[in-house]
Structure formats: structure tokens, C-alpha cells
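Enquirer: Annotation comment: TrEMBL describes 12-40, 52-73, 80-98, 104-125, 137-157, 169-188, 303-319, 339-358, 370-390, 396-417, 429-452, 464-484 as transmembrane segment.
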Amino acid sequence: MVFRKPPDGGWGWVIVVVSFFTQFLCYGSPLAVGVLYLEWLDAFGEGKGKTAWVGSLANGIGLLASPVCSICVSSFGARPVAIFSGFMVAGGLMMSSFAPNIYFLYVSYGIVVGLGCGLLYTATVTITCQYFDKRRGLALGLISTGSSVGLFIYAALQRELIELYGLDGCLLIVGALSLNILACGSLMRPLESSSSPPTEKMFVDKVPDQYFVYHEKEKTVEENISILEKGYIDEKCVNNVPDCKQDSILNKNVLSSININEKDTYKKKVVEQTNFCKQLAKRKWQLYLTYWKDTMVLFKNKVFSALFVAILLFDIGGFPPSLLMEDVARSANISEDDYYMPLISIIGIMTTVGKLILGILADFKWVNTLYLYVTTLLMTGMALFAIPFAKSYLTLAMLSGILGFLTGNWSIFPYVTTKTVGIEKLTHAYGILMFFAGLGNSLGPPIVGWFYDWTQEYDTAFYFSGFCVLLGGFLLLLAALPCWNACTNQSSKLPPNTYSYKVASNA
């Protein structure tokens, strides 16, 4: 598929709107799963670490499968993938309302809903990057606020639905709302070239001549024709033995009546058909080898290598507060009368603000987006260290707001990735990075829950989380500094497909 130059507007704004609502509808419940987490603790009586797997899988499995999601979007396009994923998210939420135990939720809510969210996220980010170039930071910031607004609204909505209809009714209603993803996905028109779709003949013509063995020896051609003749004659002999000899003579007469040009064309087509599938399979195998070679080349870029370590550690330490903050407040014996707003809702609304502001900042030429991202990591680590000292609703609300704002760095992460590897390798590189992000999302909440099960307090858990995020930020900073300042000198030493941050940004 050949794409036109990004229009930076036009139908692209429709893509932004539908992508916003797609992330709102698919991520609203998984990100606000902290409300459901308390209900599942009471309903199934399992440990905090074991129950936290449900929410962590829902938010992590889609990212773990990002390479597969990227391949699906590249192969089928954003629109078909979005429509199919809408059925997955809605079906998984509705199935979860009938869960008899926590293990059923691992599959229905954790895997099915999580995988659907991962496919939708990859589809919305990819198609938005195709439609925008100069305003890409703003566009990504706008669509990524959809999940944050969903977190803010669904946290209060799910709590209200649980009070009115119970946990099962809440999941059924939320699942029905997710069916609106189908309407959003149908509007994701691909940005294709204006030329007419290639016909089957055009695909054949594009195959290099060396893949068609026209120059084979005449013996090979005659062998193919002999095989066809023999198969035809044998079939007739089996069905009607008396006519076998007559058919053989007739077949020879027909072949002899073909003029030389027609016979040469026939020979050419026979050879082409017998070798096309074999050569096409060989080309596909070469494409797979190229994919893995390009992956290894990506990891030769120091910034990219540090980026995947940083995103892994950030999600191990930075994701648990959005899932466990409500339980942190309950463990601190904060009275419900002091609750002016759910802490998860505060995280959600401040994440929206953070995504918008950070996305806008990323579009300014004087802002170094990688340094901006590193700054958010370091500040997140310090905020996590402060959680054990928060013993009132006000302090927890302030820390929730700070963490929510800093979590808005998700809006600039695709921007940083694009600037690091280039737009032509975005889907490939982003899928790899999201795999490690999903691994961190899947491990973070259970680790924090296990720390609580062992120590009966959250202090040690959040010290560990803060250390992980700070470590990732420092590693990324150390890897970026020499590459950042000397990228002009290093660009000549890089392999042909390897990009430093500045090289890709000027491409």
C-alpha cells in the first residue's frame, strides 16, 4: 500500500475524533479497573496479588502482543482491525459478567479485552501518524486523551452502575457501550494513493524476471508438457479403457495443430504457473528474514535500546497506582466521608491534561522531546517515593494528580519513537516497544500486590516502584546524551538502516 503525503488536516481530523472515542470506549473500563478490583477482592476472596492479575493482564496483554497487532494492522489495515477488535472488547466485557471465579476473568477480561484494546491502540496510533506530520504531536495528544477521559468517566460510571445493578449488570452495560467502537472503526478511511487498485496482472508483472524461469532448458518445458499430457491420457484410460488409444492419438493431433507462437506462449505459461508459487514463497521467506534483520539493526541504536528498558521499568513501577490507589486509600483507613472524588478519576482527568500539554510541547522546535520524556520519568519516580508518606485524602489526591499528569507522557512516546527510528519504521519499532511496555504493565500490579501480601503494607512496594522508574529514566538519559550531542559525527558510522534521534528527525 502506497500512502500519499500526510495532509495534516482534512479527513485527518475525523480520524482524530473517531480515534479519541475508540480509545475512550475500549480503555475506559480497563484503566478504571481499580473500582472493579475492590469488588473482585470481596466477591472471590483471593489475595491482592492474585486479583491484580486481572487488571494487569487487561492493560498489558495487548501491549505484549503489539508485534502481532502491528502485523495485523499492516496486513489488513486499521479499519478492519478496529471493527474486529470492537467485537472482542464488547464480548469480553459481557463474558466477564458471568465469571464464576478469578481464573475465568483472566481469560475473559484479561486476555480477550486486553488483546482487543491492544489492536485498537495500534490501529489508532498508526492511522493518525499516517494522516499527520507537522501536527503529529498535537494529533497523538488529542487521541491519547480518549483513554484518560475514559478513565475519569468510567471510574464514576462503574461505581454508580455497581450500586444500581451490581457487578454483573455493570459489566453488561459497559460491554454494550463498547459496541460503539464498530461505528468509529468504520470511519477510519485508509490514506491510500489515488491510483486505481492494482489488478492481478499488475501483481504478476511486478515480480522480477529472475523469479520466472523462462530461461530454463527446453527439456524442462517439454517435461512439464509431457506431465500434463500423461495426466490427461491416464485419466481418460481409467474412465474409458476402449477410448484410451483413440484419445491419445486425438490429443497428439491437437497439439501438432498449434502454431509455433501459440505453443511458445503455452510453454511459457506452464513454466510460469509451476514455478510462481515456489518463487513467491521464497520471496515471503526473504521478507521474514529482512524483518528480523531490521529488528537487530534497531537495537544497534543506543537510544532505542535504552528506550525499551526505560518503558519496561516505567510500566512496572508507574502503572500500579492507577489500579491500586483506591485500595491504598482504604488501607490507610481514610473515611468515605472525606472522598470528594475517586482517586482514579483524579488520575484520569490529570492524565488528560498531561497528554494535551505534553503533546503540544512536543510540536515546538525548541523542545527536545526525548529530554522532556526523561524528565517525566524522573519526576514520576520521585512521586512514587512520596506515596508511603501520604496518610490523608488530600495528600493522596495531590499525588494522584501529579502521577496522572506525568503519565500523560504516553502522548509523546509515539512521537519520540518516530523521531528515533523514522516514520517508515514506526510500526515495526513501536510494536517492539509496546511489547516491553505490556510486560511491565502485566508484572507491575501483581508485584505490588505480592509485596502487600508479604508485608501487609504498601510502603515497600512503592519504594520498589519508584526505584524502577528512576533507574529507567537515568539509563535513558545516559544513553541519549552522547548520541544526542554527537549524532552528526556518528551518523556516518551507523549501519544504513540505523537512526539516531537527530538523523531521524531531519529525515
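Any Cβ shown, glycine's included, is placed from N, Cα and C.
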Enquirer: Who are the long-range neighbours of the transmembrane segment (370-390) in its own chain, taking Cβ under 8 Å and residues 6 or more past its ends?
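Expert: Those are 303, 310, 314, 317-318, 321, 328, 332, 358, 361-362, 396, 398-399, 402-403, 406-409, 412-413, 416, 419-420, 458-459, 462-463, 465-470, 472-474, 476-477, 480, 484, 501, in sequence order.
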Enquirer: Answer with yes or no whether the transmembrane segment (52-73) touches the transmembrane segment (169-188) by the criterion of at least three Cβ pairs under 8 A, sequence separation 6 or more.
Expert: no
Enquirer: Have the transmembrane segment (12-40) and the transmembrane segment (429-452) got at least three CB pairs under 8 Å, pairs 6 or more apart in sequence?
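Expert: Stretch pair does not touch.
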Enquirer: Using Cβ atoms only, state whether the transmembrane segment (137-157) and the transmembrane segment (52-73) have three or more pairs under 8 Å that are 6 or more apart in sequence.
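Expert: No, these stretches are not in contact.
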